[in-house]
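What Swiss-Prot annotates here:
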BINDING   146, 150, 277, 281  Zn(2+) binding site
REGION    240-264  region 'Zinc binding'
TOPO_DOM  1-113  topological domain 'Cytoplasmic'
TOPO_DOM  135-143  topological domain 'Lumenal'
TOPO_DOM  165-178  topological domain 'Cytoplasmic'
TOPO_DOM  200-216  topological domain 'Lumenal'
TOPO_DOM  238-274  topological domain 'Cytoplasmic'
TOPO_DOM  296-310  topological domain 'Lumenal'
TOPO_DOM  332-429  topological domain 'Cytoplasmic'
TRANSMEM  114-134  transmembrane segment
TRANSMEM  144-164  transmembrane segment
TRANSMEM  179-199  transmembrane segment
TRANSMEM  217-237  transmembrane segment
TRANSMEM  275-295  transmembrane segment
TRANSMEM  311-331  transmembrane segment
């Protein structure tokens, strides 16, 4: 340290002018041989050189700012030097390149969870039907019926994920997305038929009261049902799997906040919906367990069994009504409930060089896949800008409003000339 200080004082005394010291970034960093000749400590990879010749110095700005050093490839550190964490964080993978692979992995995890849930639902639904039949309990069988609705929903979700990877054919140019809607209609109709049969039996038991229930089997089956639904809740719960991976960027980076920060553990709506259904099943199973406990220890209150059937039938009807309504809207090619046609028209009219929006038709191929056909008239004299208008309208429909497909027809505005139909003239008095 003493030798280094003496060297600095000697260099200051020998300076020809009062110009400030500067770093010479035009020389290579590896000067270990020169350092040894001058008696300085050797640097393995880097040595800062103090230049005396003012001609080598960068031009000093008049405003007193720090001089800007020009980039020089020769001034980089040797490759075997370890990089710091901040240097490593600047190497960012493009989110656009990995988003497709990430989506595939996400769908694979969703399919695995839903498949396991479907298998458990199927096995226990069969077990409940057998247990309810042996125990002569309509409440147990109604609980199995409610589980059938959840099983159908999971199967439809898996079907939708499978169909999304299928390409359209020459006959089915839109693909096979409507198959999901058809399957939903069939499954709901099957549930309603079974529910009608159970309600009829419940009414007969309420009127005649000539039936016996095996309280032990009913209690065991109901207890297993609660346990299975708790397991389903843990299986489908995603709160413990949320973790955000963000690509590290410096705070002043122009790309920060521009979409490179993603939540890689984003929840799946399909799994979340199945989790909500599992919670509903858990509540219903607890109700069946309470009824089984009452019937087991108080057989004279066996009326609790048909009462549970009435309550759970209403619950099944309530949960399936939305499916029926959405299916009818899709079949009739109605506008999806989350889209507003007037608002979309206003947004299209705000595009530059758009004169009017003549036709706007919106419908759904299936749940979550909306399609639009729009006819736009351009301002007279702006036909040369049709590509720009089409690009903006396409981006608005697909990205802003989340359309699955859209078709845009462009036409220059032409004032209509009143023409009287010859048939109308001949028929008029």
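In case you wondered, yes, glycine gets a Cβ from its N, Cα and C as well.
Note that this is a predicted model, so its numbers are computed, not measured.
Features as recorded by Swiss-Prot, highlighted on the structure.
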{"residue": "146", "record": "Zn(2+) binding site", "CB count, 10 Å": "25"}
{"residue": "150", "record": "Zn(2+) binding site", "CB count, 10 Å": "23"}
{"residue": "277", "record": "Zn(2+) binding site", "CB count, 10 Å": "23"}
{"residue": "281", "record": "Zn(2+) binding site", "CB count, 10 Å": "24"}
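The transmembrane segment (217-237) and the transmembrane segment (179-199) are not in contact, since fewer than 3 Cβ pairs between them lie under 8 Å (pairs 6 or more apart in sequence). In the topological domain 'Lumenal' (135-143), the DSSP tally of helix, strand and coil residues is 7 helix, 0 strand, 2 coil. DSSP assigns residue 146 (Zn(2+) binding site) to a helix in the three-state reduction. Counting residue by residue with DSSP, the topological domain 'Cytoplasmic' (165-178) contains 1 helix, 0 strand, 13 coil.
Using DSSP to sort the residues of the topological domain 'Cytoplasmic' (332-429) gives these counts of helix, strand and coil: 33 helix, 31 strand, 34 coil.
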